[in-house]
Amino acid sequence: MAAARVPLWAVCVLRVALATVYFQEDFLDGERWRNRWVQSTNDSQFGYFRLSSGKFYGHKEKDKGLQTTQNSRFYAISARFKPFSNKGKTLIIQYTVKHEQKMDCGGGYIKLFPADVDQKNLNGKSQYYIMFGPDICGFDVKKVHVILHFKNQYHSNKKSIRCKVDGFTHLYTLILRPDLTYEVKIDGQSIESGSIEYDWQLTSLKKMEKASAESKDWDQATEGKSQDWEKHFLDARASKPSDWNSELDGDWQAPMLQKPPYQDGLKPEGIDKDVWLHQKMKNTNYLTEYDLSEFENIGAIGLELWQVRSGTIFDNFLITDDEEYAETFGKATWGETKGPEREMDAIQAKEEEKKAREEDEDERTMGRFGGRENIFKEFHKRNEL
């Protein structure tokens, strides 16, 4: 006897018990979304959103989302949630976007903001933590942005990630892990992954910060003109004896040498700066201070973008720490309606094609009858003469 199939909603309920869901929005309560989302009034020319499932959809209610409504406008809208830090945790940002107007130039990305963002004055200059999602403009720009805020600067992923350009709904997922790896998915399929440190070109920035800190540590260690140097330092030239047994003899350390007294303007000879710093860093876990994808005060999600032609629909927003829950939520929303959406679009396309043929046939028929009527009138006119 076949086992009973567990419905997706039940799986979601189970995963909720295990996952931390910071934000989830699928607009299933109609116009109440206006109580959660704040339209920016920073500019009177900002475009407005409405709740719509579009001209074609998989489910009229489930596919309703925020739709841009005015051409050639900037848009700015956001929603708050309880602030949190993703330090030491996986961070997943996921949502669906549908360019049913066949986007020619405009953004379809979202932004994650700090909790103190001014929602009423949200604009292009508002600081954000993460920007993620598709951007299309002409033939050249068809990319997925993944921009991180680090050390008061915005850093883009150096890899070219191509976005979807058709008019159907697509599921976009960004995963940032505490081991400094990341993954970008479209429609549940991994399209890019790697190291946050290297794929955002942050290695050079880390080295600059490290060198600056090392120099500061060295300068502090050599201060004190009226004092002698610390009495001893590691012998940089020493090496561990070949017969040293760590299990019996313990961890080997280089012998200590006597330091010469300090003299103004001169650094004591024989001190190997690299060895000194290596020993210091070894004991303080120095590199753990460089948190490339950790944000202390995440508290809002928003759409701040420009579109030449409106009609894009944003839906199924999710922020969580659980990759399995994100996958399950994606299947329960986009996964359930993607097929019927394409079917409805195909039916509409056939109907439009049929209508176009009928209209064309009517025009040709009218043309033929119109021509005969003109000939008949011309014949009678000649007979009258």
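Cβ coordinates are placed from backbone N, Cα and C, and glycine is handled just like the others.
The disulfide bond recorded by TrEMBL for C137 joins it to C105 [selected from C105, C163].
For the pair formed by D135 (alpha-D-glucoside binding site) and C105 (disulfide bond), distance between Cα atoms is given as 8 Å, rounded to the nearest Å.
A straight line from the CA of Y109 (alpha-D-glucoside binding site) to the CA of C137 (disulfide bond) spans 13 Å. D135 (alpha-D-glucoside binding site) counts 19 other C-beta atoms within 10 Å of its own C-beta, drawing on all protein chains shown.
C105 (disulfide bond) sits 15 Å from E304 (alpha-D-glucoside binding site), counting Cα to Cα. Mapped onto DSSP classes, the region 'Disordered' (350-369) shows 20 helix, 0 strand, 0 coil.
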